[in-house]
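**Q** When I checked Swiss-Prot for this same protein, it listed these features:
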type	residues	note
ACT_SITE	468	active site, proton acceptor
BINDING	355, 356, 357, 358, 359, 360, 361, 362, 363, 375	ATP binding site
COMPBIAS	239-269	compositional bias 'Polar residues'
COMPBIAS	286-297	compositional bias 'Low complexity'
COMPBIAS	298-309	compositional bias 'Polar residues'
DOMAIN	56-131	domain 'RBD'
MOD_RES	43	phosphoserine
MOD_RES	259	phosphoserine
MOD_RES	268	phosphothreonine
MOD_RES	338	phosphoserine
MOD_RES	499	phosphoserine
MOD_RES	621	phosphoserine
């Protein structure tokens, strides 16, 4: 009838009548009133007729600005009616309170018990809120490209482009977004709460946990390793069953694609029971006491509100098939870093042939998902400082990916420190030049020099100093593909005095730069020291000999090179060696470190030299030396012909 009355007003405006004429109760024609059988009452003004009392339904307002309407049957309680609506949104009745909204005075609400008969509330409006003392945190997702090695917390697969919660650090793929738990634990706030056990009210007005729970959580946190206590370390506490939250009410004003998670939006919030938090913090510890929760009463939760009807066991059950042995123990997520996935169990690697021994370790050929090279380092009983420094360097080595670099595959720490790299079938450059005396052509020697400079340029771009650049560590793989190995690992190539790292001359004498031999600086190793070693390799390529072959005394070589009295004899370079290569060898072997070029300049010089080399193009008129197969079957008699008579 209101629409009809509005229509009459519209018509009246067309005839210049006043709107006040139609405002009274008698403005409608009696004919219209009789036809519709409806007469407007003063009590109906501004109120839509409520049909909920006749349809046995209750309107419920839920957290996160959601609402629903539930059907009521006889004998059902509020818990029974609202259980499904709460479950699909990832909520628990034990962490919520239900209120009945009172019309007068407006905004007042009366708390109800979950066991209240729902039939007595038909037609009423209810509101479900979180309990005030429930520690509540919401997700804050942001799109992120993980430049460092990362794995999805849901599918445990490699993660490059995905999302991460800025609060708890939970990271996942886009296609795994539907499985992200709704609970978000801000561990920095929890630890801040644990630091003040005597405060009853926090800054946000949230009551603190009871002393018993505080003490247990504080004991658990005290056992957390320091390495895992950072703001984004989040253990795998999402072990409870949560349904996927409905998309209704979770999108922004501009509806987005359902295949993309909402970025910078608060997800459906899951209240955090302190029992879950206590179990989560206990997961951080490797040696958590199994009876940490045995003293909790069964009828009350640690925070004081009533527990679910199902009693909670005092000790969490182990998953079937779990083993207490250390090798099968699954580490908590908060304790894992990306290096964990690169550690190889010693029992998985089978060593076979001993390849050789060097200054820093022994190399073996082994089997680990195929042929690998295992270098067992000469580090006996590493100190915690050495072990941590070794892990830091491994974190750098595992990021190296280049065609001219030996592929790093993992490391081992049990019994001895060892690194595992790809296996190179070819021999080292040293063996080719000085043992087998392989005869390379000049363009092949220049290409080997180019590939070596290319690999070293990559390492220096990664801020990795080789420290032991020599022909023994350059391998020719599957033909003439250069592979550089044994790079980095300053921890192994240095001497330790207690917990302090002391630099010492490392590498072979013939390839050591003069400043490294002198050891006058605190850290003589630099990009230029690698360039000097590379210059010695160029000298080997262009002469086929080792430098200082006329000096047989090792100490004399150290003294003369360190003082600058001796340098490689460049007159022994091959006669057909290009002049540009001769200049490059001389520049790399400069006695003053600052005068040596860096590898970007070296690489560009060699590439320019390669392009300038003369190439003999095949003549177009030259016949092919490879005859077709059918020509071999031609009989010589077919080529003879009868002599024709001459007229």
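From the backbone N, Cα and C atoms, a Cβ is placed for every residue, glycine too.
I would like each feature placed in context: is it buried or exposed, what are its neighbours, and how far apart are things?
**A** Classification of residue 468 (active site, proton acceptor) by DSSP places it in coil, neither helical nor stranded.
Annotation note: residue 355 (ATP binding site) sits in a strand segment as assigned by DSSP.
Mean pLDDT of the predicted structure over the domain 'RBD' (56-131): 86.
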**Q** Cα distance, residue 468 (active site, proton acceptor) to residue 361 (ATP binding site), nearest Å?
**A** 13
**Q** When neighbour density is defined as the number of other C-beta atoms within 10 angstroms of a residue's C-beta, which of the binding-site residues 355, 363 has the lowest density?
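**A** Comparing Cβ neighbour counts within 10 Å for the binding-site residues 355, 363 gives 355.
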**Q** Compute the C-alpha separation of residue 468 (active site, proton acceptor) from residue 357 (ATP binding site), stating it in Å without decimals.
**A** 14
**Q** Name the secondary structure element type, per DSSP in three states, that contains residue 361 (ATP binding site).
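**A** Where residue 361 (ATP binding site) sits, the three-state DSSP reduction gives strand.
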**Q** Out of 357, 361, 468, which of the recorded positions is least crowded by other Cβ atoms within 10 Å?
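**A** Counting other Cβ atoms within 10 Å of each of the recorded positions 357, 361, 468, the minimum falls on 357.
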